[in-house]
Structure formats: C-alpha cells, structure tokens
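Per TrEMBL, the features are:
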type    : residues                       : note
BINDING : Gly166, Arg167, Ser168, Ile232 : NADP(+) binding site
DOMAIN  : 6-121                          : domain 'Tetrahydrofolate dehydrogenase/cyclohydrolase catalytic'
DOMAIN  : 140-280                        : domain 'Tetrahydrofolate dehydrogenase/cyclohydrolase NAD(P)-binding'
Amino acid sequence: MSATIIDGKAAAAALRERIRLQTEGFVARAGRKPGLAVVLVGEDPASSVYVRSKGKATIAAGMASFEHKLPIDVSQDELIALVDSLNADEAVDGILVQLPLPKHIDEQAVTTRIDPDKDVDGFHPVNAGRLATGLNGFVPCTPYGCIMLLKEQLGDLTGLDAVVIGRSNIVGKPMAQLLLKESCTVTVAHSRTRDLASVVHRADIVVAAVGVPHMVKGEWIKPGATVIDVGINRTEDGLVGDVDFAGAASVAGAITPVPGGVGPMTIAVLLRNTLISAHRRAGVAYDKDAL
Ligand SMILES: NC(=O)C1=CN([C@@H]2O[C@H](COP(=O)(O)OP(=O)(O)OC[C@H]3O[C@@H](n4cnc5c(N)ncnc54)[C@H](OP(=O)(O)O)[C@@H]3O)[C@@H](O)[C@H]2O)C=CC1
Ligand SMILES: Nc1nc(=O)c2c([nH]1)NC[C@@H]1CN(c3ccc(C(=O)N[C@@H](CCC(=O)O)C(=O)O)cc3)C=[N+]21
C-alpha cells in the first residue's frame with residue numbers, strides 16, 4: 001500500500017469543532033440555538049442508526065435537534081402536513097426528510113414541499129438550480145464533504161481531470177457541479193458509459209458514487225490519482241465502498257476508506273448547512289472561511 005489514507009473521521013471532527021465554536025457565537029447574538037428537524041418514516045435499522053448519530057452530533061454542536069418518527073404507513077398528506085408545520089416553525093432552521101421513503105409516498109412531492117431556505121440537504125430543485133447557476137443556496141452534504149476532503153488533500157483543484165461515477169441528484173450531479181466550480185475538467189460516468197475502465201484511467205480525481213461493492217478496480221486507477229469512495233454498501237464482510245480499496249490503495253496517491261471517509265463528513269456538513277441557515281434566517285453575519 002502506498003496511498004495516503006484520507007481520514008474523513010478526523011476531518012469531520014475538526015469541522016464539527018469549528019461549527020461548535022461558531023454556534024456559541026450565534027447563540028450569544030441571536031438568543032436561540034440553531035435547530036435541525038429530522039423526519040424518519042418507518043423503522044429501517046440502517047436509517048435509525050444514521051438518524052441517531054445525526055441527533056447526537058447536532059446536540060454536541062450546541063444545536064437543537066427535533067426528531068419526528070412516523071409510522072411506515074403514514075399517509076403522504078400527513079407527512080406533508082408535518083413538513084408544512086416545520087416550514088412555519090421559527091425554531092427550525094433545517095429540515096431533513098430521511099430517504100428513501102416508503103413506496104406509497106411520492107418523494108418528489110415531499111422534498112419539493114420543504115422551504116428551499118430550510119432545505120439543508122440541498123435536494124430541492126430551487127437549490128439544485130442555485131448550485132447550477134452559481135447562486136448561494138444549500139449544497140447537498142455528501143458532495144460538499146467530498147470537495148472539502150479533496151481541497152484539504154490537493155489544495156487548488158484547477159485544471160485537474162475529474163471523473164464522477166454516478167449521476168444521481170443526491171450525489172453524482174451536484175458532485176459534478178462542485179468540481180466544475182473548482183475548475184476541474186469533469187466527466188460524469190454512469191451505467192451506460194462505454195469502457196469505464198479507460199474513462200477512469202484518465203482521471204486525477206475519481207469520485208465513485210454507484211452503490212456496487214468494490215466495482216472500481218485498482219488497475220483502472222491512474223498512478224497517483226486521488227480516489228473518493230462515496231459508496232456505503234452493507235455486505236457479509238461488513239460496510240464496504242464502491243472501490244476495491246486494497247487494489248486502489250496500491251496505485252492511488254490518496255484514497256478515502258469506508259467506513260471513516262466520506263460518511264462522517266456528510267453529517268458534519270449537515271450541521272454546517274444548518275448553522276448557515278440559522279445565520280441567514282436571523283440576519284446574523286457568519287465567518288464562511290472558518291466553516
Ligand atoms: N457516504 C455518504 O454519506 C453517502 C453515501 N451514499 C452511497 O453512495 C452510493 C450511491 O448513492 P446514490 O447516488 O444515491 O445512488 P443511485 O442508485 O441513485 O445512483 C447510482 C448511480 O450509479 C450508476 N451506476 C450503477 N451501476 C453502474 C455501473 N455498473 N457502472 C457505472 N455506473 C453505474 C447509476 O447509473 P444510471 O443513472 O445509468 O442508472 C446511477 O447514476 C450508494 O452506495 C449510497 O449508499 C449515498 C449518499 C450519502
Ligand atoms: N435526506 C437524506 N439525506 C442524507 O444525507 C441521506 C439520506 N437521506 N438517506 C441515507 C443516506 C446515507 N447517508 C449517510 C450518512 C452518513 C454515513 C456515515 O456516517 N457512515 C459512517 C459509518 C456508519 C456505520 O457504521 O453504519 C462511515 O462511513 O464511516 C453513512 C450514510 C446519508 N444519507
């Protein structure tokens with residue numbers, strides 16, 4: 001193994017500490033805590049774990065956490081009524097509805113109902129449009145966390161060849177937008193891409209967001225490239241990424257592990273977005289560079 005292992009857990013802890021300090025300043029000036037509401041429908045064990053760790057991190061940062069657990073058979077109208085009440089609640093700066101939702105609920109109807117200025121997940125089309133056109137909005141947490149890790153590792157990303165594997169609205173597309181904003185030359189690959197191996201081999205930066213365990217092989221990686229593995233796959237061998245870690249680590253310059261890579265950054269960025277939302281909504285200035 002020759003690659004630097006990018007420690008997402010440590011980077012996330014450092015970001016959470018910077019957030020905690022700015023949260024103290026916000027509370028002193030605004031006289032209230034930033035508030036994050038998380039809505040979970042059903043009892044999916046993986047989602048429950050994730051919601052619990054978000055709640056703990058929210059409170060540790062000095063913010064208020066509002067958890068809403070709804071039964072799996074809740075109607076779409078009831079869920080939308082909850083979103084409406086959170087939109088109207090002055091104590092709530094950020095709203096996250098955990099995905100996926102049960103099949104009888106139209107996800108788009110729910111995510112588009114969230115006030116775009118409380119949409120700390122950055123999933124609302126208004127925020128996707130803001131990102132695409134260079135306006136201030138909320139950026140999806142996972143891709144933003146990837147950019148933070150990349151900049152910490154590489155510094156300026158200008159001119160680098162980046163390949164994003166995956167084109168979802170949650171990860172792949174916003175990831176490509178953010179890399180473009182950093183002046184990378186961006187290629188987006190997906191299930192219809194021809195000769196993925198040679199596409200990946202051109203890249204200085206590879207971001208894998210596919211959902212297929214160990215799909216990206218070590219031989220595909222250009223020597224010295226930086227590899228960001230977004231994949232979270234639960235297998236018999238435990239939690240694994242989309243990249244064959246051992247193979248890729250022997251050729252890459254740097255690589256994120258799973259677990260301990262992108263995942264912890266996602267939660268830290270969620271808190272960052274919530275803190276930014278609180279400042280904007282309260283009309284209080286914040287130190288963007290410290291976040
Ligand atoms: N670390 C974190 O915080 C997070 C991790 N994740 C993880 O990231 C992964 C991706 O998530 P998400 O974007 O939501 O997934 P989606 O299932 O929405 O998208 C997967 C993408 O991968 C593409 N794809 C599928 N199979 C192949 C293949 N064989 N070759 C090339 N491309 C392929 C699909 O192409 P097509 O469009 O053509 O179907 C699609 O664009 C998952 O493992 C998920 O668990 C997700 C969110 C947060
Ligand atoms: N509205 C919404 N927003 C999301 O951001 C969202 C979502 N729905 N649904 C599910 C996915 C998945 N996701 C993860 C976040 C953190 C870890 C994480 O912290 N993972 C740890 C390990 C956790 C473990 O051991 O299970 C790690 O990679 O080190 C994983 C996955 C956010 N998602």
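Including glycine, each Cβ sits where the backbone N, Cα and C put it.
Just so you know, TrEMBL annotations are computer predictions that nobody has curated.
Considering only the residues assigned to NADP(+) binding, Gly166, Arg167, Ser168, Ile232, the longest pairwise Cα distance works out to 16 Å. Non-local neighbourhood of Ser168 (NADP(+) binding site): Ala209, each in the same chain, at least six residues away, with C-beta under 8 Å from its C-beta. Under 6 Å, Cβ to nearest atom of ligand 2: this is the test, and of the binding-site residues Gly166, Arg167, Ser168, Ile232 it is passed by Ile232. Gly166 (NADP(+) binding site) carries neither a helix nor a strand DSSP state and counts as coil. Local packing around the Cβ, expressed as the count of other Cβ atoms within 10 angstroms, is greatest for Ile232 among the binding-site residues Arg167, Ile232. The Cβ neighbour count for Gly166 (NADP(+) binding site), using a 10 Å radius over every protein chain in view, is 23.
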